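Database features, via TrEMBL:
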BINDING   22, 26, 29  [4Fe-4S] cluster binding site
DOMAIN    8-220  domain 'Radical SAM core'
Ligand code: SF4
Ligand code: FES
């Protein structure tokens with residue numbers, strides 16, 4: 001079924017969460033608290049069919065993600081399928097464990113781009129955050145091989161209280177490793193990041209300093225390094241257009257084949273998700289109740305309903321609205337026009353002012369976090 005009509009544009013990107021398995025245990029992971037097990041993962045042929053349907057639907061980019069996508073034995077075959085279909089493939093990887101061993105084959109299979117996560121520059125700090133010893137030298141060796149193979153490299157650093165002082169050093173590291181792009185991505189509080197919020201929340205003064213550092217480096221490094229900046233929602237004036245707007249640009253396929261409008265959509269109770277095992281991607285994009293729930297602007301309440309920005313940010317993030325306002329159809333409290341915005345900022349300031357940050361609750365498959373929700377949520 002071709003689901004694309006003038007009123008319903010094609011999705012541009014597909015986030016293929018190939019597996020939730022990962023050697024790292026980052027406390028800010030956006031994966032759900034209940035991680036999918038290997039035995040329930042889609043097989044190679046199903047992923048290849050999904051990619052074929054995605055290409056037919058007009059998808060241009062495929063983000064091969066996880067978890068750690070190279071943990072799958074068939075990552076090379078899946079990458080080759082992307083290349084054969086003319087899909088631009090981006091490998092989102094931690095660069096550790098067996099990732100380096102597969103890199104040459106991935107390049108030969110037609111991989112287009114590599115996005116490597118870094119937890120910090122200083123090794124002990126990086127390895128404490130990622131929860132894996134000896135990760136840092138593996139990452140650096142991986143980055144070196146990426147550039148030796150002529151593949152474009154992006155470094156992705158999720159920023160929080162534990163590494164915000166290292167933003168200048170992260171910029172130097174990106175230059176040293178030959179990255180073309182650096183993402184300075186302040187933590188988005190979903191999944192494991194949400195339960196670790198009090199441990200991760202940086203002080204506003206540090207956030208402002210990090211933004212100034214990035215702005216100065218962008219000027220200085222024009223033509224050498226592109227720096228993307230994701231500002232922290234809790235201190236923002238307006239929210240981001242999460243996932244480019246619900247059901248407008250992206251599809252997210254989970255390791256077991258559920259198709260989501262964003263990576264955290266399963267936190268919203270009552271949404272019905274369709275599976276790639278049962279329906280085509282085109283049918284899911286057009287007709288799935290989950291995609292239709294918050295597509296466009298009809299579902300909006302005030303102040304979004306009459307706001308000039310409603311088709312710019314699409315009301316912000318539905319998952320954050322649920323987590324903080326207790327209503328997925330509310331205005332994202334990251335927005336300064338939300339009646340809850342002041343409370344959310346006060347919460348962030350209070351958490352960041354804790355003299356000693358709580359211990360991390362590390363991401364783990366089959367292990368429940370100590371506390372599912374930070375205190376005070378919804379605000
Ligand atoms: Fe965006 Fe809604 Fe805030 Fe307007 S009120 S800026 S549409 S989130
Ligand atoms: Fe779900 Fe933002 S993460 S809409």
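A Cβ is built for glycine as well, from the same backbone N, Cα and C atoms used for every other residue.
For the [4Fe-4S] cluster site, the Cβ centre of 22, 26, 29 serves as reference, and the other residues of the chain with Cβ at most 8 Å from it are 24, 25, 28, 31, 67, 94, 130, 192, 363. Here the Cβ of residue 29 ([4Fe-4S] cluster binding site) has 23 other Cβ atoms within 10 Å, regardless of which shown protein chain they belong to.
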